[in-house]
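> In case it helps, TrEMBL gives these features for our protein:
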type	residues	note
ACT_SITE	Lys18	active site
DOMAIN	73-150	domain 'GHMP kinase N-terminal'
BINDING	Pro101, Met102, Gly103, Gly104, Gly105, Ile106, Gly107, Gly108, Gly109, Ser110, Ser111	ATP binding site
ACT_SITE	Asp143	active site
Amino acid sequence: MTNLFPDDASLILPAPAKLNLFLHILGRRADGYHNLQTIFQFLDYSDQLAFNCRKDGEIKLHTIFENVPHNDNLIVKAANLLKNYTSSPLGADIWIDKKLPMGGGIGGGSSNAATTLLALNQLWQLNLDLITLAKLALQLGADVPVFVQGKAAFAEGVGEQLTPITPPELWFLVAIPKVAISTATVFNDPLLPRNTAAITYQQVLATEGQNDCQAIVLNHYPAVQDAFLIMNKLAPTKLTGTGACLFASFTTEQQALAAQRQLIDKIDCFIAQGINFSPLHQKLNLSY
Ligand SMILES: C[C@@](CO)(OP(=O)(O)O)[C@H](O)COP(=O)(O)OP(=O)(O)OC[C@H]1O[C@@H](n2ccc(N)nc2=O)[C@H](O)[C@@H]1O
Ligand SMILES: Nc1ncnc2c1ncn2[C@@H]1O[C@H](COP(=O)(O)OP(=O)(O)O)[C@@H](O)[C@H]1O
């Protein structure tokens, strides 16, 4: 394991990325949040977090994030939320090996938060079930519950009403344009389309779907537009979440690798397989 972690770490767990295979915006609620329909699928591509229990009750994230103050970090927020909810006297030392790009639309911060909730639930011997943890998770962000539940899902509401589904576990080429995009900024854009018709659960897997944020993001962020134009010549390409990452799907790893070879020196990208059961839940030996 990575030497970023102490040798005596009691728990080392992944925090996987997700893709939004499509993202439909149905409307805006009175509180400013948007009603969505989306498919979340996990990627076999993860940050790793290490945890040790502290008896003094302090929550300490040892890894420095340049642009995120300690107490604003979703890892620390998740730990404090769980501590307050359960009145646990315990604390934690936490380290992270960060691989997922921030502001990339692949859910890194949310996934880190979910992994922290599940890790401390175990280390602090709280025995909360996933439904309780997912309810708490929603306070941290709209897409934290799916990482807590651990199953690929058709999501509705603001992204928290989850119906597990099993889309094909394809191989993805994921491009990382060199820009971080704020989810709130995209959702506040007056030109964002907000009137896509709802589809039914029966239609989900037959729906190609689109990402309603894509046109706005391509317009506003030249780095995403440039990467899209290059990648879309190789294979049909889509934005995930509110960006900045773009993805194209392939039936085999070899096909994805062949496409990646054509992008070498042009776009920073990685290859990963879509997975319907989170690597976090697999590592914790939870059943599907
Ligand atoms: C919309 C998605 C699709 O996966 O975007 P990405 O962040 O992944 O790109 C996510 O659900 C985001 O989830 P998350 O990143 O947890 O969002 P939050 O922190 O709850 O919200 C950030 C901001 O996005 C806007 N927001 C978010 C979700 C939603 N259904 N409607 C919204 O309008 C709100 O302005 C909110 O202030
Ligand atoms: N542990 C964390 N990892 C990533 N981002 C974090 C974390 N904690 C707080 N953030 C904040 O959340 C923002 C969104 O991060 P991230 O989840 O990676 O992007 P996205 O929501 O686009 O998938 C970051 O720009 C950062 O300011």
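The backbone N, Cα and C atoms fix where each Cβ goes, glycine too.
A TrEMBL annotation is a machine prediction, not a hand-curated record.
Because the structure is a prediction, the values reported are computed rather than measured.
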> Measuring Cα to Cα, tell me the gap between Asp143 (active site) and Gly107 (ATP binding site) in whole angstrom.
7
> Out of the binding-site residues Gly103, Gly105, Gly107, give me the one sitting nearest to Lys18 (active site) by CA distance.
Gly107
> Fewest neighbouring Cβ atoms within 10 Å: which of the binding-site residues Pro101, Gly105?
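Ranked by other Cβ atoms within 10 Å, the binding-site residues Pro101, Gly105 bottom out at Pro101.
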> Would you list, in sequence order, the residues of this chain other than Pro101, Met102, Gly103, Gly104, Gly105, Ile106, Gly107, Gly108, Gly109, Ser110, Ser111 that have their CB within 8 A of the centroid of the site's CB atoms, where the site is the one recorded for ATP?
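The answer, listed by sequence position, is Ala17, Leu100, Gly241.
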> So which recorded positions out of Lys18, Pro101, Ser111, Asp143 are up against ligand 2, CB under 6 A?
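None, by Cβ distance under 6 Å.
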> In the structure shown, which of the recorded positions Lys18, Gly109 has the fewest Cβ neighbours within 10 Å?
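Across Lys18, Gly109, these recorded positions, the one with fewest Cβ atoms within 10 Å is Gly109.
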> Work through the binding-site residues one by one (Gly103, Gly107) and point out the residue whose CB has the fewest other CB atoms within 10 angstroms.
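Checked Gly103, Gly107; of these binding-site residues, fewest Cβ neighbours within 10 Å: Gly103.
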